[in-house]
Amino acid sequence: MEKVESGSVENGTLADFQIPAKKLNVVFVLGGPGSGKGTQCTKIVEAFGFVHLSAGDLLRAEAKSGSESGIMIDNMMKEGKIVPAEVTVKLLEKAMKKSNNDKFLIDGFPRSLDNRELFDSVTGIEPRFILFFDCPKEEMERRLLGRNQGRDDDNEDTIRKRFKTFIETSLPVVKFYEEFDKVHKIDATRTVDEVFSSIEPLFQEFKRVRLLSLTTSFFRSLVTTISLCYVICSMFVFAIHLL
């Protein structure tokens, strides 16, 4: 797997990111449409302090913006096609920089091997691992048609195109990362709680890091408070001696 040798994100919009690329924790979340990625990402965010970046949500927001690129994105999504990797990576970079966090769930990305290669070369970020939500096509279709979210791409024709695109372009990404033993395959046919129970152990190391960070912050605050109290008391004693 190719890597950018630079220790920080120097290419693209993350050039002035304050956190080195090698210290950013990125988990790619892949699975077919309706496999439950978004629901589980919400639970991971709550439990482990990650920032959830949905490539699909970012693209849909841009599509609604009315910009030239937004119109192009809107047309391509209605056709169930892959949006150019440059556009998606740019949106992801912008969102990562804005978050000022070091832990990211990137949901629905990379959508193709081209996406993966561009993200790798532009950012220099190596994913910690990949969560792959394995779910039969029939179950995903049932969920999509039943969720009634009012999305333009939640109709039978577009759903079938999205399934076809996922099989042809996204599954090769999963196979690529399997060669590096980075894929954790999740049985997404179970209940929300059952699925999360199988995911939770994968993120325990991040929970420890978070607790350590909170503890460090607490002691820093405590030391600052004690120092301030000492200064105030010293000033008070000095003032008494002057009287």
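Glycine residues also receive a Cβ, built from the backbone N, Cα and C atoms like all the rest.
TrEMBL has this to say about the protein:
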BINDING   G34, S35, G36, K37, G38, T39, R147, R190  ATP binding site
BINDING   R60, K81, I82, V83, G108, F109, P110, R111, R151, R162  ribonucleoside 5'-phosphate binding site
BINDING   N115  CMP binding site
TRANSMEM  217-240  transmembrane segment
S35 (ATP binding site) versus binding-site residues R60, I82, G108, N115 - nearest by Cα: G108
Proximal residue to G38 (ATP binding site) among binding-site residues R60, I82, G108, P110, N115 (C-alpha distance): G108
Those binding-site residues listed as S35, K37, P110, and which of them has the most Cβ atoms within 10 Å of its own Cβ: P110
Fewest other C-beta atoms within 10 angstroms, as judged across R60, R190, which are the binding-site residues: R190
When distances run from the Cα of P110 (ribonucleoside 5'-phosphate binding site) to each of the binding-site residues G34, K37, T39, the nearest one: K37
Cβ neighbours of G36 (ATP binding site) where a neighbour is any other Cβ within 10 Å: 22
For the binding-site residues G34, G38, the one whose C-beta sees the most other C-beta atoms within 10 angstroms: G34
Closest of R60, I82, G108, N115 to K37 (ATP binding site), Cα positions, binding-site residues only: G108
Residues satisfying Cβ distance under 8 Å from G108 (ribonucleoside 5'-phosphate binding site), sequence separation of at least 6: V29, L30, K37, S54, A55, G56
Neighbouring C-beta atoms (10 Å sphere around the C-beta of I82 (ribonucleoside 5'-phosphate binding site)): 17
Which same-chain residues, if any, lie at least 6 apart from T39 (ATP binding site) yet have Cβ under 8 Å of it: V192
Residue from R60, I82, N115 whose C-alpha is spatially nearest that of G36 (ATP binding site), among the binding-site residues: R60
